[in-house]
Amino acid sequence: MKVWRIWGCCWLPIKNMLSSYVWYFIEILCDNNSKKKMWATTIILAAAFVGVFSTRNILDETTCQTHQRNTGGANAPLHWDIRCDTDGKYLPKQCTVETPHWCACYNKEERVTQPSRSTKECGCFLARHEATNRQASQCDVPVCERSGEYRKKQCCERTRQCRCVHPITGETVQQATANMNLQCA
């Protein structure tokens, strides 16, 4: 292994570990030609400057942005199309690129559901996750279909009342009634 003395003070026994471009610039710096030294120094400083600022951007990334940047790769079994909003937070529904699509629901910070081919909507899953996390009463935790839509008939066993809701928004379309056999269209 060669050992090189650089700038009169540092020994560099790692020639084989450096890329050929880096090694080329080091050899130029060791050359006595001052124009070559100035050119190589400028290139190295510019690369270091870019590296510092690109690292800073990575450190400022949100969880979604990091996930988006790291998604895919040749060895990934599924390739996800991770989408973030303008604040860098997850959009509610994230799906794979390939067909059939596998989708999962996310709140602003994390995945709320397991990936599934039946997930079409996320509103109910997100509302259920939020209600469960804040330990809402059983009557305030929505019941969801496998697709992620709200079950049209939402009932509360404690009060023995049911109401009809819109399957996408979960908004009440027929007020609660004491009829547990309520028919919702």
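Glycine too: its Cβ is placed from the backbone N, Cα and C atoms.
Some features that TrEMBL has for this protein:
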{"type": "TRANSMEM", "residues": "6-26", "note": "transmembrane segment"}
{"type": "TRANSMEM", "residues": "38-59", "note": "transmembrane segment"}
{"type": "DOMAIN", "residues": "61-122", "note": "domain 'Thyroglobulin type-1'"}
{"type": "DOMAIN", "residues": "136-184", "note": "domain 'Thyroglobulin type-1'"}
{"type": "DISULFID", "residues": "CYS155-CYS162", "note": "disulfide bond"}
{"type": "DISULFID", "residues": "CYS164-CYS184", "note": "disulfide bond"}
Cβ neighbour count (within 10 Å, all chains shown) around CYS184 (disulfide bond): 15
Residue counts (helix, strand, coil, in that order) that DSSP gives for the domain 'Thyroglobulin type-1' (136-184): 3 helix, 17 strand, 29 coil
Averaged pLDDT score, the domain 'Thyroglobulin type-1' (136-184): 96
Residue pair CYS162 (disulfide bond), CYS184 (disulfide bond) - Cα distance, angstrom, rounded: 10
Under 8 Å by Cβ from CYS155 (disulfide bond), counting only residues of that chain that are 6 or more apart: VAL143, GLN161, CYS162, ARG163, MET180, LEU182
Helix, strand and coil totals (DSSP H, G, I; E, B; other) for the domain 'Thyroglobulin type-1' (61-122): 8 helix, 14 strand, 40 coil
Tertiary neighbours of CYS164 (disulfide bond) (same chain, Cβ under 8 Å, six or more apart): LYS152, LYS153, GLN154, THR172, VAL173, GLN174, LEU182, CYS184, ALA185
